[in-house]
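Have a look at the structure below before the remarks.
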Amino acid sequence: MANIKFFLGEELPLEMHKVRMVQRLDLVPVERRLKAIEEAGNNTFLLYNKDIYLDMLTDSGVNAMSDKQTAAMLTVDDSYAGSATFTRLQDKIAEIFGKEYFLPVHQGRACENLLSLAFVKKDTYIPMNYHFTTTKAHIMINGGKVLELFLPDALDSVSSKPFKGNIDLNQLQKLIDEEGADKISFIRIEAGTNLIGGQPVALDNFIETGKIARKYKIPFIVDASLWADNLHFIKTRDEKYKNLSTREITRILSDSADIVYFSARKLGHVRGGGIITNDEAAYKKLLEMLPLYEGFSTYGGMSTREMEAMVVGLDETMDEEMINQGPIFIKYMVDELVKLGVPVITPPGGLGAHLDAMAFLDHVPQKEYRAGSLAAALYIASGVRGMERGTISEEREEDGSDHFAAVELLRLALPRRVFTLSQVKYTIDRIAWLYENRKLIGGLEFYEEPKVLRFFFGKLKPTSDWQEKLVEKFKADFGDSL
Ligand SMILES: *Cc1c(COP(=O)(O)O)cnc(C)c1O
């Protein structure tokens, strides 16, 4: 994809693909949207697709697959053990990442389960640039302590820093000096830092972390789920590396780490995941657990169809025209929102556009869940489903009080090659309307709250009748229009 200058003045992202299979969508009326969000307990995870116009919940497992990926799914070698499909996947991974051992799993968090079981020692630290929800839960269940060593600008919502996902190397060194290397189970860096707005990590940051890890013999583990976005940003934002190929950059990343793991729901556009390493001892330790939690070593919970599509998907991830489609659409959306004065995380990252609910709803108390309220309000106003990434996505403190998130985000994921520009423009328009009417939006409170990862199944209700008022205003402004 590329931004192309139009004769009539606009400069727009132009798709480098054509759509050859489509799915019908409905935009249900605003009254139905009000009812649907109530039925879903104001939790967008609990909405049903029939009520959703644009599903911007996540990029996980919902990126469009290519014609070649779909074709590959017909030529699989199905067998429990020793399938040729698995060998093709293993070879492709070795070709791209330069690592010999590959453990297949059913999705990204399964890697986190195995890695935490194998390597998290009780009461040790696991320093990282930033946590991811399921990562943190797995580490904590196994008695480890998550330490986030980000740089101060990581949480600045308005910024021009190109790599806000970097780990703070000075804090890392200080931790090792003060606590000792044996108090650290492993160091983790997440590419394309999910929870702070899909912000990338510089290649040098991976390299330097790898050097420190080797010096103190601490394992260095990279979460490469969002590597496609991160790779695009290294190519476009880092003078030092922009002339290297995507394959060369990927190899440097992989060489810096002892273990790389990923969700193939994002990296590779299928439904699966995997752990990669050259460390035979680590491989053997993980391999012992693989059949217990995932499946035999040549499928690990994935279907052979998905594995065959992954071979093609990983290859296509090395194609800049493919990986830039997400970030370029996201940049378009963020730039337009900035022009309209809507608070949004800058610079644009990967994964999606991230509305800054902390600023958007500064009149709503943080204990009434600003990002969750904004997610519900946007759904009512547009039929667009986003994901709360704020306090609701955090676990409560031991004393039962809320742990306020450092950032309150409404993530609007733009899975690759799924939406058209007019759909993105529609979303921008409804956000602009919502911003204009933001004072009508109120807060939420829990009425059903699971103990772990409450954002998945928790249910909330509005703290006043603000949703009805929002619908009234919508109807006044848009008339009979949906
Ligand atoms: C999505 C994601 C995961 C978990 O992957 P699943 O396939 O959803 O289990 C882990 N880490 C990061 C950074 C992710 O974005």
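Any Cβ shown, glycine's included, is placed from N, Cα and C.
Sequence annotations record features per position, and here TrEMBL assigns domain 'Aromatic amino acid beta-eliminating lyase/threonine aldolase' to 55-423. In the predicted structure, the domain 'Aromatic amino acid beta-eliminating lyase/threonine aldolase' (55-423) carries a mean pLDDT of 97.
Secondary structure at K266 (N6-(pyridoxal phosphate)lysine), as computed by DSSP, is coil. Non-local contacts of K266 (N6-(pyridoxal phosphate)lysine) by the CB criterion (under 8 A, 6+ apart in sequence, same chain) comprise D59, S60, N63, G108, S225, L226, A228. Residues or ranges marked as N6-(pyridoxal phosphate)lysine in TrEMBL: K266.
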